[in-house]
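J.: The structure is given below, and queries will be raised subsequently.
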Amino acid sequence: YTGKNFYPAPLEVALPMNPAALLAFQFVMMHWVEVRRWMDIRTPGSANQDPIFKEQKLSTVDPGYPGGPFDPFGFGKGDGLEAAKGRELYFGRLAMWVFMAEVITYQATGLGPVEALNKHLANPFSQTIFSNLGQCVLNDTVDFNGVAISTPCLWPQL
């Protein structure tokens, strides 16, 4: 544990470029990748060939799931594949819920997950989710490398 909260930590990073330009670049790159994946799901095998280097091809894999060069140890083969797909959905969704809980906890208390747990364990009957219900400790905006970012709370203030 480093003692730094995960929520304000990105504000301390000095980027070599404007954050808006970085966001635009990432959006274009992710859009291209996700559209190719979506097209492969619609028409299996359509994205198995490199669009620039035509001689580069992937082996036939289940559309929407990594395989071939993305599975160098062969975990996606055999009887465990269907169970692994189920675990991926279950644990992925669980991780999303936990992350949202950590974000809302920071917005309500200003404490990171470890600090909030320590505070709750020190006084479990007065430090609960209900004792902080409807609070928001965030400023309306933050400045990140010259870009003002709105910081709304993810739950209603009472």
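Please read every residue number as a count from 1 along the shown chain.
Note: Cβ is positioned from N, Cα and C throughout, glycine not excepted.
This is the feature table in TrEMBL:
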- L58: chlorophyll b binding site (BINDING)
- E88, R93, H120: chlorophyll a binding site (BINDING)
J.: Find the shortest Cα-Cα separation between L58 (chlorophyll b binding site) and the binding-site residues E88, R93, H120, and name the residue that gives it.
T.: E88
J.: These are the binding-site residues: R93, H120. Which one scores highest on other Cβ atoms within 10 Å?
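T.: Of R93, H120, the one with the most crowded Cβ is H120.
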J.: Kindly assign the residue listed as 'chlorophyll b binding site' to one of the three DSSP-derived states: helix, strand or coil.
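T.: DSSP assigns the residue listed as 'chlorophyll b binding site' to coil.
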J.: So, three-state DSSP: helix, strand or coil for E88 (chlorophyll a binding site)?
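T.: SS state of E88 (chlorophyll a binding site) = helix.
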J.: State the three-class DSSP label for R93 (chlorophyll a binding site), counting H, G and I as helix, E and B as strand, and everything else as coil.
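T.: R93 (chlorophyll a binding site) sits in a helix per DSSP.
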